[in-house]
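Per Swiss-Prot, the features are as follows:
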DOMAIN    172-204  domain 'LisH'
DOMAIN    206-258  domain 'CTLH'
MOD_RES   2  N-acetylalanine
REPEAT    284-330  repeat 'Kelch 1'
REPEAT    339-391  repeat 'Kelch 2'
REPEAT    408-458  repeat 'Kelch 3'
REPEAT    469-515  repeat 'Kelch 4'
REPEAT    526-578  repeat 'Kelch 5'
REPEAT    597-651  repeat 'Kelch 6'
């Protein structure tokens, strides 16, 4: 802390001078030194490898040790087949021992790209003297690799770098000692272990893990070991492990309570193109409007999760000074002020005229059960024209609404507008709820400028209430399916392109051309996407399946949680409908981020034989990771399984009794895999001790080796900060 309580200024990040140190190869005049100058209009100003056979690399040597925070790649002024589609960057204080700092790829365009390099270990910065760039794949298959320009930036102030260098040297020495300690203990070299630990005063692990090792490996006190594991679970020590596990989706069809005598009228009927919002405080889902296959609807419903019951708030909102019947509109909820806003709708071309094409805008007050018309025509108030299939998000904190995209409805036969036949799309608007004023933030643009955004329909847009950004991806523009993904910072008015959609990561991102419904969890920094059926009839039949994706905002990575892989088609006897909702479009999905539950209602199953068919099924979806209880049971199972195997060697009768009682209760007998594994355990009663050989433990007795392996398995559930080093000393020996 600086004098006067002021916080010390962050060290300045500046360009780091370097020289070319080594290279794998180069072709003709495309010398490695060319990457030192940025000449985007000169096709010869680049390094080009002589071949694309690995390993190809460049090693850069910095003028002096530095914390290398960023690497920037310059490019040629046009796309080029030799640009790096995939590459890795390594760094270290010497060229023989380097750490991976980055694994990424360049877009095949002319824009410079900057990447953040790993420069911290345990929140402590570490220095590099050498940087190694390893190309892995070029944009043109079987082309040599080219790098046009490289810039490194970071901190090279000796006052900052030297302490980091001292720490790094000490850290490496400490890790080497910990690897030795781990090796000595694994091989039961007790004297060497105790002597090294006493001399260096370096801890191999957290005291709790030492206690578990003592009880389990040295004393064979399995009951005490179980107690320590139970304490660890209750203290939340397995939480980090749980957060890193993949989700498993659990769909449940909701069958709401029915009120006697109401018949089918006590819940919303079949529909598509309706809208839903959720009040997470009261656990209430609100549903309004939609299209039932023959007409637009104006009914308004509330579903109470606690009561498991639908309540009809209004059979016809228009009669209560609310919006007329509609579909393909949008709604958003202000949970703080308990108000719902609705904007836009689809109108058939036969009923479009200058009066009907006005874009009305309504607000519903939940507490007073009243509608208020905020605007007869938002376009006249500086807002969007009448649109459908747009997106709308609420920023409760600043009391703002953001709406983006959607197709603008126009009258047919309008001669004066030469663009009338071409579809028009709405831009990005902000509505200040307090002042009731609209502001156009971005017009629809086909330009590829860094702040331009392309309008679309059927896209996803979400507001992250913590980092205050809108996230937009997917959608359609005329017959083009868009695959880009960008964020918009509402406070700084800045667009950040997360992915321009040109990278061919097929299978690693949600496919375009399918109806996507997305939700956001600001606490977990996750975006969830349910990908359903395509609206496009041609694309529909061959690939009918649901898939659920999660985007990790911090790690900038997609993962597919599941695909149903046409399960119903493959197994006609088993109805998919019992397990999960069938693929569809024009449905609605909302997410309760407090209770971590999704709700899905209705939609269009896209049956060509019955085009008017709509759905009225209602589902909840929970994304489940292994629970604390599951992990505790699993750990107890592993401990008791090992205890049983030890007993089986000395007292088979006692072991059999233990198997039937103590081990039996740690198995989930409803799980076929667990049950099968449990049934096979009995074979241990007929094995001799020589059947068990633990790899790499030939110098210690069998029991010690087996217990050590069990200990290493249990350690995996604990946070890295508590555990011994992951590697093994013998792995450092190269042949």
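Cβ coordinates are placed from backbone N, Cα and C, and glycine is handled just like the others.
For the repeat 'Kelch 1' (284-330), the most Cβ-contacting stretch among 339-391, 469-515, 597-651 is 339-391 (pairs under 8 Å). Residue counts for the repeat 'Kelch 4' (469-515) under DSSP (helix as H, G, I; strand as E, B; rest coil) come to 0 helix, 22 strand, 25 coil. Note on the domain 'LisH' (172-204): its mean pLDDT in the predicted model is 95. Shown for the domain 'LisH' (172-204): DSSP residue counts in helix, strand and coil, namely 26 helix, 0 strand, 7 coil. Break the repeat 'Kelch 1' (284-330) down by DSSP state and the numbers are 4 helix, 25 strand, 18 coil. Break the domain 'CTLH' (206-258) down by DSSP state and the numbers are 30 helix, 6 strand, 17 coil.
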